[in-house]
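Enquirer: The following feature annotations were taken from TrEMBL:
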TRANSMEM  23-41  transmembrane segment
TRANSMEM  53-75  transmembrane segment
TRANSMEM  95-117  transmembrane segment
TRANSMEM  124-142  transmembrane segment
TRANSMEM  197-214  transmembrane segment
TRANSMEM  221-240  transmembrane segment
TRANSMEM  252-274  transmembrane segment
REGION    283-371  region 'Disordered'
COMPBIAS  310-348  compositional bias 'Low complexity'
COMPBIAS  362-371  compositional bias 'Basic and acidic residues'
Amino acid sequence: MTTYLASIPSPAQGVWHLGPLPLRAYALFIILGIIVAISWGERRWVARGGQKGTVTDVAVFAVPFGLVGGRLYHVATDYHKYFGEGKDPLDALKIWNGGLGIWGAIALGGVGAWIACRRRGIPLPAMADALAPGIVVGQAIGRIGNYFNQELYGAETTVPWGLEIYERVDPVTGMKNDLNGVAVDTATPLMTVHPTFLYELLWNLGVAALIVLADRKLRLGHGRVFALYVAGYTAGRFWIEMMRTDEATMVFGLRINVITSVVVFLGAVLYFVLAAKRGPRETYVEPAPEPELPEGADAASDAEGEKVSATTAPAPKTASGEAGDASAVTDPTTTASASASADSTAQDSKTKGSTAAPVAEDPAKQKQPDE
């Protein structure tokens, strides 16, 4: 066997079991990457004038959409792994076994982010700029999951940082199982290969540093930070993809992700240039939240409103057609008494008028006073 100066050992296994529950390194690092992306994005959003908690609300839409999009892209471009003779189509649903396409994740995740931003009345480009560095660092963290899965590597090599690949078998059946098995002999690797997942991990960290520095110096806005991230990532993905030897869909003699990288790179560069016409970074990214009333303020406000309504209600009109005294409105007892008194007075006047009114006599018959 050839002796190498040095090499990187692969993990003996990528899954552990807590009773019936499988604990997969791939899933854990994907989750960790998402947490880092949200946390860093939140800090950047607040620093740009946004409200705390907004990025988390956007992630509620973007993350599920992104996971679905990433899986759909992977299954569509690597359909031979799930469909055909001897394949189980239901394996396409087992996302925990690995297999996410970044292009689909960004595309459909962007749709989810757009929905969330529209609901909150904030511009999507500004949100994308805040999230960009965290996303690419999250991708770097997710690549560690590929390391545990012994996947996404290149051709055999003798470089000191070559990655050792072990044979893994199912500990119960003894059958070969590279994904869920355990290495039987870590002293004798099957081969030593280029760790292309590691190349991408390091490249992504470099892209994150680049866009943060460019953003600070140039005060990029209107989606240009995100465009720079996409351009930087695809530039690296192009040459790294060319090194990979795992099975992939080929188009025009090239791996499909190579072609996708070129197309997306050109689109990102074009957007970066055109968006420069929009001027410097946005100074307004999110409406200010409505001030919260202290506890009990709502009830007090309602009571005050009822009081004002009562005191400002129009006074009833009197018999003469003019508005009466306001006290008649505010004191029901007084109103009732006044009404009763008025009725009584009117009735007495009517009675006296009918009984005591003098009857006119003929002047000639009237009695003359004594002389």
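Cβ atoms here come from the backbone N, Cα and C positions, even for glycine.
Keep in mind the model is a prediction, meaning the values are calculated, not measured.
Any idea what these are sitting next to in the structure?
Expert: Taking Cβ pairs closer than 8 Å, the transmembrane segment (23-41) reaches residues 11, 14-17, 55-56, 59, 63, 96-98, 100, 130-131, 133-135, 137-146, 148-149 in its own chain, all 6 or more past its ends.
Long-range Cβ contacts of the transmembrane segment (53-75) within its own chain (Cβ-Cβ under 8 Å, at least 6 residues beyond either end) map to 34, 38, 41-42, 45, 82, 92, 95, 99-113, 115-117, 120, 122, 127, 130-131, 286.
Remote same-chain partners of the transmembrane segment (95-117), defined as residues 6 or more beyond its termini with a Cβ less than 8 Å from a stretch Cβ, comprise 22, 24, 26-27, 30, 57-58, 60-78, 81, 123-124, 127-128, 131, 135, 139, 142, 145-146, 149, 151, 179, 230, 233, 237, 257, 260, 264.
Tertiary neighbourhood of the transmembrane segment (197-214): same-chain residues 8, 132-133, 136-137, 139-140, 143-144, 146-147, 151-153, 161, 163, 220, 225, 228-229, 232-233, 236-237, 240, 243, selected by CB-CB distance under 8 Å and a gap of 6+ residues from either end.
Listed by sequence, the residues of this chain that lie at least six past the ends of the transmembrane segment (252-274) yet keep a Cβ under 8 A from its Cβ atoms are 77, 101, 103, 223-224, 227-228, 230-231, 234-235, 237-238, 241-242, 244.
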